[in-house]
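Take a look at the structure below.
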Amino acid sequence: MASKHLLLFQITLISLILAVSCFPAHSPIGQLSPYYYDGSCPRLQWIVRSNVWAAFQKDTRIAASLLRLHFHDCIVDGCEGSVLLDDTVDMKGEKNALPNRNSLRGFEVIDAIKADLENFCPFTVSCTDILTLAAREAVYMSGGPYWAVLLGRRDGITASDKSANEQIPSPIEPLDNIIAKFTSKGLELKDVVVLSGGHTIGFAQCFTFKRRLFNFKGSGKPDPTLDTSLLSSLQSTCPNKDASNTNLAPLDSTVDKFDNYYYANLVNNSGLLESDQALIADARAAPLVNSYTTNPTLFYNDFAASMLKLGNVGILTGQSGQIRKQCGSVN
């Protein structure tokens, strides 16, 4: 297992070096480096890892939560830590936007990391970089790939619930809409398929998929593509009443382990979310789903590469933004 992860890390590092070399030094991405804090905050990696590990030991579900928190930050106006900001009198932020309210988790882990870092290297490490590193650690601790995270992002000073409501993909919207939301951020179809594979860990609340169980697209019947044994199980977990909306169902049969079973589930019509199952029904996405089903190493490598791309979306560097002292509020 160790040799496998070492090989994946080496491959990813080579890809990272090649990717960074494509950007001029004056571009925001060109200013990022895996070694950005080596002189100013040498304990950074250890502090992030130890805090995520402690949280993971208490609750393995936190891994999926941290990964989702990072995605919901970056897909909304870029990776600038806006999802971490609390609402103020003058600002309705992203935490309470419809896709995030009573759903996003893991803020306390990021806050704990930030507090430790402020003791060792005050006003040095951005909350955005902390969240990006924490997502990598969460994936790796769950058995997924390891990649060298580019660092040097700065934090934004505002957040928008409107942006979150409009830009975060919904599990019930058409795949073409989801692809459009990704491409608007400089991502592509392949990234949609690969990053959706992050659903190999974690749970979903019943309200995100319940219409598949009882009234699919207003038909009054279940989704006919859903595996019948899974349908029965989910109807038990999510009975057709409002009280079950916040009940949890696993996104994958190996809910705590980062692996490629997610794609096998799609092939077997056992994807939980409509947006997941839609991938295998799409002529553009299906070949990628099939390739990841049979080749977990390919999935790991591509997932690491797509996470690097995601982490570069709409970043702030140089004198833009700020380094927040507390992740929930601007300085």
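In case you wondered, yes, glycine gets a Cβ from its N, Cα and C as well.
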From Cys41, Cys74, Cys206, partner that TrEMBL gives for the disulfide involving Cys121: Cys41
Disulphide partner cysteine [TrEMBL] for Cys127, chosen from Cys238, Cys327: Cys327
Of the candidates Cys22, Cys74, the one sharing a disulfide with Cys79 in TrEMBL: Cys74
Neighbouring recorded positions, C-alpha within 10 angstroms of Cys79 (disulfide bond) - of His72, Asp73, Pro169, His199: His72, Asp73
Within 10 angstroms of Ser82 (Ca(2+) 1 binding site), Cα basis - recorded positions out of Cys41, Arg68, Cys74, His199, Thr254, Cys327: Cys74, Cys327
List of residues, in chain order, with Cβ under 8 A from that of Cys127 (disulfide bond) and at least 6 apart: Gly81, Leu84, Ile110, Lys114, Asp155, Arg324, Cys327
Non-site residues, in chain order, whose CB comes within 8 A of the mean position of the CB atoms of Asp73, Val76, Gly78, Ser82, Glu94 at Ca(2+) 1: His72, Cys74, Ile75, Asp77, Cys79, Glu80, Gly81, Val83, Gly156, Ala159, Ser163, Ala164
Taken over the domain 'Plant heme peroxidase family profile' (31-331), the model's mean pLDDT: 96
